[in-house]
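Peer 1: Would you mind keeping the following structure in view while I ask a few things?
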Amino acid sequence: MAQRTGLEDPERYLFVDRAVIYNPATQADWTAKKLVWIPSERHGFEAASIKEERGDEVLVELAENGKKAMVNKDDIQKMNPPKFSKVEDMAELTCLNEASVLHNLKDRYYSGLIYTYSGLFCVVINPYKNLPIYSENIIEMYRGKKRHEMPPHIYAISESAYRCMLQDREDQSILCTGESGAGKTENTKKVIQYLAHVASSHKGRKDHNIPGELERQLLQANPILESFGNAKTVKNDNSSRFGKFIRINFDVTGYIVGANIETYLLEKSRAVRQAKDERTFHIFYQLLSGAGEHLKSDLLLEGFNNYRFLSNGYIPIPGQQDKDNFQETMEAMHIMGFSHEEILSMLKVVSSVLQFGNISFKKERNTDQASMPENTVAQKLCHLLGMNVMEFTRAILTPRIKVGRDYVQKAQTKEQADFAVEALAKATYERLFRWLVHRINKALDRTKRQGASFIGILDIAGFEIFELNSFEQLCINYTNEKLQQLFNHTMFILEQEEYQREGIEWNFIDFGLDLQPCIDLIERPANPPGVLALLDEECWFPKATDKTFVEKLVQEQGSHSKFQKPRQLKDKADFCIIHYAGKVDYKADEWLMKNMDPLNDNVATLLHQSSDRFVAELWKDVDRIVGLDQVTGMTETAFGSAYKTKKGMFRTVGQLYKESLTKLMATLRNTNPNFVRCIIPNHEKRAGKLDPHLVLDQLRCNGVLEGIRICRQGFPNRIVFQEFRQRYEILTPNAIPKGFMDGKQACERMIRALELDPNLYRIGQSKIFFRAGVLAHLEEERDLKITDIIIFFQAVCRGYLARKAFAKKQQQLSALKVLQRNCAAYLKLRHWQWWRVFTKVKPLLQVTRQEEELQAKDEELLKVKEKQTKVEGELEEMERKHQQLLEEKNILAEQLQAETELFAEAEEMRARLAAKKQELEEILHDLESRVEEEEERNQILQNEKKKMQAHIQDLEEQLDEEEGARQKLQLEKVTAEAKIKKMEEEILLLEDQNSKFIKEKKLMEDRIAECSSQLAEEEEKAKNLAKIRNKQEVMISDLEERLKKEEKTRQELEKAKRKLDGETTDLQDQIAELQAQIDELKIQVAKKEEELQGALARGDDETLHKNNALKVVRELQAQIAELQEDFESEKASRNKAEKQKRDLSEELEALKTELEDTLDTTAAQQELRTKREQEVAELKKALEEETKSHEAQIQDMRQRHATALEELSEQLEQAKRFKANLEKNKQGLETDNKELACEVKVLQQVKAESEHKRKKLDAQVQELHAKVSEGDRLRVELAEKANKLQNELDNVSTLLEEAEKKGIKFAKDAAGLESQLQDTQELLQEETRQKLNLSSRIRQLEEERSSLQEQQEEEEEARRSLEKQLQALQAQLTDTKKKVDDDLGTIENLEEAKKKLLKDVEVLSQRLEEKALAYDKLEKTKTRLQQELDDLLVDLDHQRQIVSNLEKKQKKFDQLLAEEKNISARYAEERDRAEAEAREKETKALSLARALEEALEAREEAERQNKQLRADMEDLMSSKDDVGKNVHELEKSKRALEQQVEEMRTQLEELEDELQATEDAKLRLEVNMQAMKAQFERDLQTRDEQNEEKKRLLIKQVRELEAELEDERKQRALAVASKKKMEIDLKDLEAQIEAANKARDEVIKQLRKLQAQMKDYQRELEEARASRDEIFAQSKESEKKLKSLEAEILQLQEELASSERARRHAEQERDELADEIANSASGKSALLDEKRRLEARIAQLEEELEEEQSNMELLNDRFRKTTLQVDTLNTELAAERSAAQKSDNARQQLERQNKELKAKLQELEGAVKSKFKATISALEAKIGQLEEQLEQEAKERAAANKLVRRTEKKLKEIFMQVEDERRHADQYKEQMEKANARMKQLKRQLEEAEEEATRANASRRKLQRELDDATEANEGLSREVSTLKNRLRRGGPISFSSSRSGRRQLHIEGASLELSDDDTESKTSDINETQPPQSE
């Protein structure tokens, strides 16, 4: 990153400091406090920590102030861990909810980070201040970068769209949406700035004359449009009051080739009035502030307060100067290419708009007529616009209007005049704005390069909600609604449809964001019509007002879900629409006027005829406006006809805007949209303030959360199979075999080779889909792979170059040796006399032969020169011909290119027109058939309608025949009059259409006459060129075919003209027939209905004929355009050289033939021809003007043709939409009809059944009431049971909470053991804890839901039982009906009971509704939990992805480990080889030592031979003094011997150097071996120590865990004791056991997750080891580099030694020369001076050489030894030299040698100095670099060791944790076993209790039997007593027996009975009294 200076650092507003965010303290605080989000009125959401859970409510403590509050569980939202703070993409959030999204946006906004990704789109919050993040440096930062490589920015979105456009060849669009003031316009400008910088064409093109002109103009288009189209509003200081779609075209290489701007709905009413504290358009204030005095006088400008249209005067904008902005606008216009006249004309129009507002009218005293008391302002206005003042005043005050067929002057009222002036001002400004946009498009589209694709930038007016909103706000909000629907459809519907279309696994998710109902409310054409359709419909009706429009709207749409009546502003607003951004109240004031946009056509005509060409150009289409007379006629009968006088060309503002919006939507659907959601932070326009509720509302409306969710759950990235294989096959080189393979199979193989998690991708039919981030990961791996390949390629290239350089050096070295050897040989031979003789004699031997050869060569040379001159001539001729042919070829190529271009254009135009014609014909046929079908359906509906009306009429006649007849007659009279008026209006319309057709016919006849006149002029020209024609008749024959084509087209034109005339006459006849029919209608009122149908049918026929006529006219225009194009092409070819005459002759022939045809047809043309022959001279002069006008007409015809085609296509689209709506409405009506019929039947059945039931229920209601009370009792019991179950559930939940608390305690203990693992382990534990809580909560809710469902089922069963009882009662009621007929009072009581029962039923239904509401609430909770579960599943997928990545890293690490093992083995082999080489070098050193000894012996032998030779030489010199020549030869031989000695010495030194080098290498190897051994020993020792430490830690952990296990056992015992208290109910215990089982499963899952985490950490440890090994490998590589550098140093030393040897050799020669000079000085005194001078020079050289020798002492020592030896030899030689007669020759020779030696010495000195300095500096630099590398590697090695120690420590902790988890698992297993045992024991107890109960039941049954026996005995005794009594009465035998106890025993016939005395007495008395006299 470049170093930045200054106060404002851009990185502060782009990047997040992750070191601050990854703070362990905040992470621990978050984990400990269990932080969540709760709702807050002030902050939206506040952070709080959970303290206690109380059922459905939770006690929380606010983090900010510590206050406590009770919050419902459903209102709590989870908080993300602190590591997700300020995350760049909100799709990465773990907990996705509104609170987290708002908190993230708020944190980033307060940190200056305004851009945030939200899945696939970007969210930007308006900062309300300037940020330094839009400079060119920032653009370069984002250029060419992928989205995930840089922080969020609008530049990243632009870069992504630009790259997608280039790669996919797909058009892109960037949609900036949001409310007004959210920053859409500014972001649009930044997009254009980025694209203009990145895709600038001048950077890569040399043919651009003005660098970047197009880009500069593109950038300057915005300031111009903002000046004329933006204004200050309450919400925004630079609010766009129009919409624009900027289309930037690019060529195939990505350069900008042009641009185009489309605008939508300028708010022109702002030009005449503004709301409070708002301004009009900027240009007015800029002009009044920035214009100079001269300009002000020209434009007649005044002060701000002098203009009525500036409602609020001058309101400055903070931070902006209107004067400076005016200068910028003018500069932008100049850059855009506006001329000075154009700018001045525009400013005149702006000034005239202000002058319109100053025109004042006055009401006349006695009439309502308006008058203009002072026309000063009118004079100024007319001066500016080029009009006549009197005509303007007359047109305003008394305009001419059409009444019937005549025009009359109508006086205007003051209100009408004011309205007309305001309408003209608005229309003038709107036309100026349209012209400005057209002019900018013309400047931007001037290039001829064809755009391959485009990027569209949409900047539309933002959503606006004012207190009262008008028609402009409706259009703006309608547009934003459509854009939001496009976003929803693109993000949610199309995305999921593509999943289903590709056949991947996907469950369709309905996000509930369909805005189509609101859009239909606004734009639906019928059934029922929408707002715009009703507005258009009201515009067509006479006497329609805004009030009637609102009434009709309420009538048609009052029941719509998105339509409401205003509640707050009932008196002010008219209706309310519920948009996606909120409710908007609309006031329908002047909506009909705004929709029609009427103008004073008298003034418009004056403006069209203005003397100012610019103003006339603005008002050129005055025939399309709606006149004010038409609007004023709305209250009269002529309004309808006046409104339709323009041949159907008039379109309302709503229709035009709707159609343009439809086109925009179609364009956007054909592009790949990139959404930028702009958010407004506050309404005060304050920086640094964010209103949370406002932002939340915008996020909800924009579907941000849903977009993030589908991005996370879906597969947003997709790529086709072929592209995937082509792009990522580099990652799987051997996965796909050679040969053909299907794309899908290849992708599947690649995916398997990439080892991707199956959850991360889906394979469709034609594409492969990826989750978010996967494709970016593959891109990174691909980049890394390519980087590795490039690095390897570079290494191979460097190796190749190094080997090549080494081979070259080897060749140079061998060449140097050859040169040295040859030089040495030459030095030996050059003083040898025979050599001199040989060199002198040898050339002489070849002289004679050379002369002969020279003569032969001269002859050959002459021949060759002759041939050369001949060939050069031929070559010049050939070059000349070649050049000529090239020129001809270029000319032909140009001609061919021009012809091909013309042919291609013509062919393309023909094909396009033919396709359009075919398409339009098909559409026309389709529409005709559809119209026929619709007419048939309409006829059927009309018949049905008539039947219904007849039925209604019959009913009305039955009620009141007399009144009905009178009303019917009155109604028929009124309808007949209305229809007669309507038919009259239609007749007037048809008459106007007929007149229009006549005018067009005349226009076409005039154009044909003009064409014929032009042909005659061309004929005159052809007569003048008749002589030339004779010369060019050959060319004419080639062009006869084109002439025939011209004749055919002319004949077709004539046929079309005649056809048009015939159709016009037919139309006139049909109009006459219609008039006759209307007369008949007036006479025959009784048959009005049938005649109306006939007239409507004929009207449809007329419209068909009209369309056909229009089609014919368009075809004629197209043919004329084709003729004109052919004419232009011929004219262009005529302008070329030597072709003008031929073209004229061709035209002559064509004109002749056409003239002959015209002479044959009419005699009038003959007269015209003679007349034109007389005027030929004048026509020649006017030819150019006529051609220009002709071209203008052709252009106009083209434009009209294009507009006609567009209108036809729009009509077709409207017809299609209308037909589709009709079909939909028909289907809806049919379904409604069926539903109503079914409902009627059902209601009838229900009525009959209810009556029947009422009669049956009257009798038995009391009994039913008793049953109902029984049902109530059952319900109460069920409620008690439910409460009991709820209490049990609460108990179970408390137990679960206790278990969770214990689990939390265990997690905290584990966290204490894992404290050094810091953030990661704590996060994982917290996530698992949350998952456990969530799962337990889900289970609890599911149990509650199941209990409620059971309760509901029980109630349903009770209800069914009641129904059965009711049925039984009904059956009984039929039987007892006769009995209760007389009991009327009972019936009344039953009625009251029935009412009471109904009340009870209502109470029950209310309770049922409450239960349903509770169920709905549970369903909502379930959906919320389901969403959270989805988020957790996404996180789980993310964790799985991480695990798979770690597994991949493990595999890579294994591969690296294997490679390292191979490398270590290779190093071992190299070590063995090095040892072997060392041994070899030792042997070699020994052999070299022996060779050295042998060399020394040879040298001694040579010295001995030398001494012998010297002795011989002395003898010879002493014997013969006259043989000086022999002395010289002997000296030569001595020198040769000395040279041999020197060579032997050098060889000896080289051998010594090699020996030393081998010894050094041996020492280095030994040192390396010792270091490696020490390293291995240290590694082994550290591993042993680590293992021992791990063992000790594990033992310690085991002990600690045993203690914890004991504690757990105690706690478990306490838990079992508490459980025993809860063992009253077996079901409660089973629920607890089930919960414990589930908890065990969760714990086991957690254990598995922790084991997986342990594996992950082991993988990380192994990765750390791998990194350590890599560091070691790098250190070894650096050692290798060091060795190579040492080898280079040795090589340099060798080169230094060789240079030193060369220097010694030179010094030796110098010494020899010095000795010879000294020896010769004894004989010749004359040479002493020269000798002294040479000695001084030699001494100087010796000093310099001694300075050079100071760096290498060893070499100097050797050099001194050798010099001493040489000196001794020289002294001996000098003593032997006694002869002086050769001194002169010797002196001369010495002088020559001295000169040569001087030159050599100078060269050697320079070379040696430079070489020594260069080598020394290079070596010093290398040594310094190596030392730095060594230090760096030492630091890295220390860091790696530290990292290894840290990871090993972490590994120990992980092992401890694993052991803890294992112990926990064992504990849980033991607990589960105990629980199972306890459950078995309880089951046994239950069985025993059941047995006891059975025993008790048996005893009870036994007692019951005994009791029954006793009762039976008692009954028997009572019977006996009764028999006894009877017998006593009869006087039977009775015997008594007394006992001691006073009791007596009574014996009666064998039976005995004990009685007391009293009893006996009483009994006997009774018996005696009742005893009769005995008969026996």
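For all residues, glycine too, the Cβ spot is worked out from N, Cα and C.
Straight from Swiss-Prot, here's the annotation block:
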| type | residues | note |
| --- | --- | --- |
| BINDING | Gly178, Glu179, Ser180, Gly181, Ala182, Gly183, Lys184, Thr185 | ATP binding site |
| COILED | 845-1976 | coiled coil |
| COMPBIAS | 1129-1149 | compositional bias 'Basic and acidic residues' |
| COMPBIAS | 1698-1708 | compositional bias 'Basic and acidic residues' |
| COMPBIAS | 1967-1976 | compositional bias 'Polar residues' |
| DOMAIN | 31-81 | domain 'Myosin N-terminal SH3-like' |
| DOMAIN | 85-783 | domain 'Myosin motor' |
| MOD_RES | Arg18 | omega-N-methylarginine |
| MOD_RES | Lys442 | N6-acetyllysine |
| MOD_RES | Ser1145 | phosphoserine |
| MOD_RES | Arg1930 | omega-N-methylarginine |
| MOD_RES | Ser1935 | phosphoserine |
| MOD_RES | Ser1937 | phosphoserine |
| MOD_RES | Ser1938 | phosphoserine |
| MOD_RES | Ser1939 | phosphoserine |
| MOD_RES | Ser1952 | phosphoserine |
| MOD_RES | Ser1956 | phosphoserine |
| MOD_RES | Thr1960 | phosphothreonine |
| MOD_RES | Ser1975 | phosphoserine |
| REGION | 661-683 | region 'Actin-binding' |
| REGION | 1126-1149 | region 'Disordered' |
| REGION | 1697-1718 | region 'Disordered' |
| REGION | 1874-1976 | region 'Disordered' |
Peer 1: Can you give the mean pLDDT for the domain 'Myosin N-terminal SH3-like' (31-81), rounded to a whole number?
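Peer 2: 86, rounded to a whole number.
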Peer 1: Just to verify a number: CA distance, Arg18 (omega-N-methylarginine) to Gly178 (ATP binding site), in angstrom, no decimals.
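Peer 2: It is 31 Å, counting Cα to Cα.
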Peer 1: Counting only residues 6+ away in sequence within the same chain, which have a CB under 8 Å from the CB of Gly178 (ATP binding site)?
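Peer 2: Long-range Cβ contacts: Lys184, Gly462, Phe463, Arg677, Cys678, Ile679, Ile680, Gln698, Asn702.
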Peer 1: Taking only the Cα atoms, work out how far Lys442 (N6-acetyllysine) lies from Glu179 (ATP binding site), in Å, as a whole number.
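Peer 2: About 32 Å separates the two Cα atoms.
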Peer 1: Setting Gly178, Glu179, Ser180, Gly181, Ala182, Gly183, Lys184, Thr185 aside, what same-chain residues sit with their Cβ within 8 Å of the center of the Cβ atoms that define the ATP site, listed in sequence order?
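Peer 2: So the additional residues around the site are Asn126, Cys176, Asn236, Gly462, Cys678, Ile680.
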Peer 1: Going by DSSP, how much of the domain 'Myosin N-terminal SH3-like' (31-81) is helix, how much is strand and how much is coil, in residues?
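Peer 2: Split by secondary structure, the domain 'Myosin N-terminal SH3-like' (31-81) comes out as 6 helix, 30 strand, 15 coil.
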Peer 1: What number of additional C-beta atoms lies within 10 angstroms of the C-beta atom of Lys442 (N6-acetyllysine)?
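Peer 2: Its Cβ has 12 other Cβ atoms within 10 Å.
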Peer 1: Return the count of C-beta atoms lying within 10 angstroms of the C-beta of Arg18 (omega-N-methylarginine), excluding that atom itself.
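Peer 2: Total other Cβ atoms inside 10 Å, all chains included: 10.
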Peer 1: Within 10 angstroms of the C-beta of Gly183 (ATP binding site), what count of other C-beta atoms is obtained when all protein chains are considered?
Peer 2: 25
Peer 1: Hey, does DSSP put Lys442 (N6-acetyllysine) in a helix, a strand, or just coil?
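Peer 2: Looking at the DSSP assignment, Lys442 (N6-acetyllysine) belongs to a helix.
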Peer 1: Looking only at DSSP and grouping its letters into three states, which state does Lys184 (ATP binding site) belong to?
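Peer 2: Helix, per DSSP.
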Peer 1: Applying a 10 Å Cβ distance cut-off over all chains shown, what neighbour count does Glu179 (ATP binding site) have?
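Peer 2: The answer is 24 other Cβ atoms.
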Peer 1: Can you give me the same-chain residues 6 or more apart in sequence from Gly181 (ATP binding site) with a CB-CB distance under 8 Å?
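Peer 2: Non-local contacts for Gly181 (ATP binding site): Asn126, Thr233, Lys235, Asn236, Ser239, Gly462, Ile680, His683, Lys685.
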Peer 1: Could you put numbers on the helix, strand and coil content of the region 'Actin-binding' (661-683), residue by residue per DSSP?
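Peer 2: Computed counts for the region 'Actin-binding' (661-683) are 9 helix, 8 strand, 6 coil.
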Peer 1: Could you tell me which three-state DSSP class Gly178 (ATP binding site) falls into?
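Peer 2: Once the DSSP labels are grouped into three classes, Gly178 (ATP binding site) ends up as coil.
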Peer 1: Helix, strand or coil by DSSP: which one applies to Arg18 (omega-N-methylarginine)?
Peer 2: helix
Peer 1: If you draw a 10 Å sphere around the Cβ of Ala182 (ATP binding site), how many other Cβ atoms fall inside it, taking every protein chain shown into account?
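Peer 2: There are 25 of them.
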Peer 1: Tell me the Cβ neighbour count for Lys184 (ATP binding site), meaning other Cβ atoms within 10 Å of its Cβ, over all protein chains shown.
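Peer 2: For Lys184 (ATP binding site), the 10 Å Cβ neighbour count is 27.
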